[in-house]
Amino acid sequence: MEQFHGTTIVSVRRGDKVALGGDGQVTLGNIVMKGGARKVRRIYNNQVLVGFAGGTADAFSLLDRFEAKLEKHQGNLTRAAVELAKDWRTDRMLRRLEAMLITADATTTLVITGNGDVLDPEEGICAIGSGGAYAQAAARALAENTELSPREIVEKSLEIAGDMCIYTNHNRIIETIE
């Protein structure tokens with residue numbers, strides 16, 4: 001059976017502001033199954049943003065586990081991410097999950113990879129998913145050459161990725177913490 005795949009999630013941090021956004025397309029093979037999926041959410045009393053890419057069921061499973069880790073560690077984003085990554089590497093069932101997460105709070109942005117790695121992005125910019133490289137390149141160029149806000153950079157980056165990646169559409173959901 002084919003896997004659901006394809007999306008773009010991008011995050012930009014500037015100063016004390018962070019934006020995290022994603023498109024809404026869910027693709028199965030060469031068919032668009034849904035155009036308005038919500039892949040970016042606020043969790044932990046609206047203090048943490050999370051976006052996910054990869055297999056839909058896998059992503060939701062990881063999201064649930066990540067929320068539980070946040071609760072256990074009183075909202076400490078880094079600790080929750082590291083603990084999730086440890087579980088991901090040691091649990092046989094989790095190792096089979098094909099998904100990635102970007103998480104952000106008021107001070108920290110992290111990428112949690114399918115290998116169980118936790119990455120702190122350079123220059124406060126990161127992206128995942130099939131259109132991630134397009135969005136990240138656009139975000140870096142915009143951040144280096146404009147005074148746009150993180151939200152504006154995320155919006156424009158997703159627009160560019162949607163123009164270039166067949167698995168990314170223009171239905172965007174963007175969340176911010178300021």
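Backbone N, Cα and C atoms are what each Cβ position is placed from, and that goes for glycine too.
As recorded in Swiss-Prot, the features of this protein are as follows:
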- Thr7: active site (ACT_SITE)
- Gly162, Cys165, Thr168: Na(+) binding site (BINDING)
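For the pair Gly162 (Na(+) binding site) and Thr7 (active site), the C-alpha distance works out to 9 angstrom.
Rounded to a whole number, the distance between the Cα atoms of the residue listed as 'active site' and Cys165 (Na(+) binding site) is 9 Å. Its Cβ taken as reference, Cys165 (Na(+) binding site) is surrounded by 21 other Cβ atoms within 10 Å in the chains shown.
In this structure, the CA atom of Thr168 (Na(+) binding site) is 5 Å away from the CA atom of Thr7 (active site). In the structure as shown, the Cβ atom of Gly162 (Na(+) binding site) sits within 10 Å of 22 other Cβ atoms. Long-range Cβ contacts of Thr7 (active site) within its own chain (separation 6+, distance under 8 Å): Gly22, Asp23, Gln25, Val26, Ala37, Lys39, Ala53, Gly129, Ser130, Gly131, Tyr167, Thr168. Here the Cβ of Thr168 (Na(+) binding site) has 29 other Cβ atoms within 10 Å, regardless of which shown protein chain they belong to. Within 8 A of the CB centroid of the Na(+) site residues Gly162, Cys165, Thr168, the other residues of that chain are Thr8, Asp23, Gln25, Ser130, Gly131, Tyr134, Ala135, Leu158, Ala161, Asp163, Met164, Ile166, Tyr167, Asn169, His170.
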